[in-house]
Amino acid sequence: MKKLFGTDGVRGVANVYPMTAEMAMQIGRAAAYIFKNGKKRHRIVIGKDTRLSGYMLESALMAGICSMGVDVLLVGPLPTPGIANITSSMRADAGVVISASHNPFEDNGIKFFSRDGFKLPDETELMMEELIFSKRIDSLRPTAKEVGKAYRIDDAQGRFVVFLKSTFPKDLDLSGLKIVLDCANGAAYKVAPAVFEELGAEVISIGVKPNGTNINADCGSLHPEVMSQAVKEHGADLGVALDGDADRVIFVDEYGNVVDGDRIMAICATEMIRQGILKQNTLVATVMSNMGLDIAMKRAGGQVIKTAVGDRYVVEEMLKGGYNLGGEQSGHMIFLDHNTTGDGVLSALQVLAIMQRHQKRLSELALVMEPLPQVLVNVRLAEKSDIMQVPEIAKLINDVEEKLKGEGRVLIRYSGTEPLLRIMLEGSDEGDIRCWANDIASIVAQKLGGEARG
């Protein structure tokens, strides 16, 4: 069982175990040992978002990697998908991202990409942990010319802008569109506005003044109300909101209504079916996706395959089945024809291309899917346990499932990145499912000593 790595790398409060400089250095040493193979000079890319603690962790990781005789390529603040892309395009041995994605600035994280730009498999992360905790590489200390060097890649952002624009159809541009763009004071604060402006859009940018502590603070994809208000104030055609590391995106239409990841996947997947380019007419989503997505895909002649929550599991299923589109309700979308991981700006470009090609507003395109009412309630628990072993909880859940009569569902799962139990209900009557979700959350909190949060 993994001790350090969760569903999206190592994550926690910066400067508190395991997110300390000492552990970052150990992780760097273990990674360098694993990716070092043969006599040639090896290179690992390090990128980050705009958190204050990024400087500390970047320096520690760099020291650990160089101390094992591996060179480091520093790209500075860059979206997570940009780090994956540059790792692959520069033929580096691995890429490291220092980010806690949509979490507040106090948190930070470390996650890896392999040389092909995909996230590491569980086995490699387990190997890294074994090297750290067994201390068996502590005595390995290259000296003299064998010590690694660090280089700064000054044009990393420009390279990624060029790549992103290359994914947009050559016969289209964004002229005539007014876009509100919220970069969450995060990693895409320079890249995203440049991409949309260079393609011809009028861009109203918010969340583009990072100061180390304002990443995701009342802005970005977790706060679409900010972008929604700006769209209405400026009479914009739509709003695009990224999270701190720009691997996810949420939209609002011209009326300020939120268009989430499920609807975006429905728009893109049905368009790809029409063009004959959706492989096996199959979309890969997670168990959190609304049943309305399944209905929309079936109507278009496609199907949805569901995985566990986490974009890494979506990508694994896509690679295993040979599919080219997948994503999550939260706004992670993977277009494998273009990139290897969730990419907020790239996903936005694909939606904008559909709007421009068909000369339709986002509100029109969003009608392709009608979501079933869905309610999510979180319970903060001190530790994870099997709630179905508590008779009162199990009975209530079974009773609710019986009431839904196959026209909805109950999904209960632990978060992979936070100490939360997520209780999600779908059904035709929002009042009923909200009441039942709160009932389940209350009894879980009562029996297991937690705190319910609607």
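Any Cβ shown, glycine's included, is placed from N, Cα and C.
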Which residue of SER101, SER114, SER385 does Swiss-Prot report at the same Mg(2+) site as ASP243, ASP245, ASP247?
-> SER101
May I ask which residues of the same chain, at least 6 positions away in sequence, place their Cβ under 8 angstroms from the Cβ of ASP245 (Mg(2+) binding site)?
-> ASP49, PRO79, THR80, VAL97, SER99, SER101, GLY186, ALA187
Give me the non-local Cβ neighbours of ASP243 (Mg(2+) binding site): same chain, 6+ apart in sequence, Cβ-Cβ under 8 Å, ordered along the sequence.
-> SER101, HIS102, ALA184, GLY186, ASN216, GLY220, SER221, LEU222, GLY331, GLY344
Cβ within 8 Å of the mean position of the Cβ atoms of SER101, ASP243, ASP245, ASP247: remaining residues of the chain near Mg(2+) = ASP49, PRO79, THR80, SER99, HIS102, GLY186, ALA187, LEU242, GLY244, ALA246, ARG248, GLY342, GLY344
Using the structure shown, find which entry in SER101, ASP247 (the binding-site residues) has the sparsest Cβ neighbourhood within 10 Å.
-> SER101
